[in-house]
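Now, the feature entries from TrEMBL:
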type    : residues                                 : note
BINDING : 41-46, 247-253, 272-276, 341-344, ALA397 : GTP binding site
BINDING : SER45, THR253                            : Mg(2+) binding site
Amino acid sequence: MSIESAAAAAQSKKLDKQIKSEVRVAKFQQTVKMLLLGAGETGKSTILKQFKLIYGSGYTAEERMGYKTAILANIVTCAKALVYAMDALKIPYGFEAPTNLSKDALGAFTKSHMSLNQVGGGSEKEREVKDDAGSDKSLGDIRDMGYVAKMAEEAYVTAGGENRQRGPSPKAAQVIRGCEMSFCFGIDESVPEEVIDAIKIIWKDSGILYCFSRSNEFQLFDCCSYFLNDIDRVTEPKYVPTDADILNSRVMTTTITETKIKIQQVLFRVFDVGGQRTERKKWVPYFDDVDAIIYMVAISSYDQVLVEDNSTNRLDEAMTLFASICNHPIFNSTAIIIFMNKIDIFKTKLKTVAISKYFPKFKGPNNVDKGSAFFASQFLALNSNAKRKIYVHFTWATDTKQIKKVLATVYQIITSSNLKGAGM
Ligand SMILES: Nc1nc2c(ncn2[C@@H]2O[C@H](COP(=O)(O)OP(=O)(O)OP(=O)(O)O)[C@@H](O)[C@H]2O)c(=O)[nH]1
Ligand SMILES: [Mg+2]
């Protein structure tokens, strides 16, 4: 090859490279492909709703009617879950959980239950508390030890168990059990009145409220108290869901959706997937050319098990899944941002539920700072590429104000990391 043609070839190669880089920049300036990944019920679809509310045009009247059906179904599903859990956990209607057991009462109860081992296995921790029964333990501690659960169980048997309890609440429970779930609500329609009345009755029942406090022992939507506390408004025939109602509603995702959202000059193609195990088989075809992943974790679920198998801890599952995603070679140059979500529920739960009971590696104290730092470090440690930076945010997905700030930061992270990838 002559000197001239070699120079021309070099020049052409340089030009090619430059064009390719420019195309990548131009492509990036137009679109960002983003996946919302994570296990079931972690808040992926809720974040997508926030994208639509913050950067899109919000919800039409027709879409709101669709959510009305979902919300009314959520209410009945939650009421049914509570009623069935009352029998599964053996709690009688009207059961009053002691809020503060006095030294004498707890001492007497402990004495009359010398076979405490039957209650919760008689672990060392339980024996410690048994010996120390008179000290001022918080309700959370007492529940952990199974004292109150045992009291409830005895009262349940005395009251006649599943079929022989009398009074308005057991009668209401009967109505809820018999309520059909296949409905679609139009304008001016709602749940049948007798079902609404029955739900109102049980939601005031002290036994149901105690059962609700043990909701980690069965499957209950996080939106239960949000909607049941507001049942009058939500079951009005002319009810139209607000943005907050839409954000709090729960519909499991079974079809992967793509939503296009323009933020400044960038078009985001946001893919929302179903997180439950059976849904994950559908993810792989969407893994090519991904610019960013928001990986959702429900940090509040440290004491809960999966809907899918009723035995695997939800955070253990979230970690296993995260390890397989962040170390997947196809995502080597993908920006990964973890949303440690449901921080509002996490804060409340920490007051009564010890992290160490489920994650013995956690050495406390059981507060938000220590707890959130612990879980963030557990996830970050799963990344085997030391050069890669993974970003973590603690989020409250149903709170538009907080998410607006978080998404602005995410926008910065994604756009700057993509520019870097394009050689800028
Ligand atoms: N209190 C509270 N509720 C939340 C938060 N994030 C999500 N939720 C609620 O949790 C429930 C589940 O949220 P989804 O967005 O449906 O979860 P998902 O990850 O899309 O679930 P799948 O579609 O099954 O994978 C809904 O009722 C949400 O309103 C949060 O930060 N705080
Ligand atoms: Mg979803």
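Counting begins at 1 with the first residue displayed.
From the backbone N, Cα and C atoms, a Cβ is placed for every residue, glycine too.
Sequence features annotated in TrEMBL and their locations in the structure.
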residue	record	Cβ within 10 Å
GLU41	GTP binding site	23
LYS44	GTP binding site	27
SER45	Mg(2+) binding site	23
LEU247	GTP binding site	23
ARG250	GTP binding site	19
THR253	GTP binding site	17
GLY274	GTP binding site	20
ASN341	GTP binding site	28
ASP344	GTP binding site	16
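The two recorded residues SER45 (Mg(2+) binding site) and ASN341 (GTP binding site) have their Cα atoms spaced 12 Å from each other.
DSSP gives ASN341 (GTP binding site) a strand state.
When the binding-site residues GLU41, LEU247, ARG250, ASN341, ASP344 are checked against ligand 2, none has a Cβ within less than 6 Å of one of its atoms.
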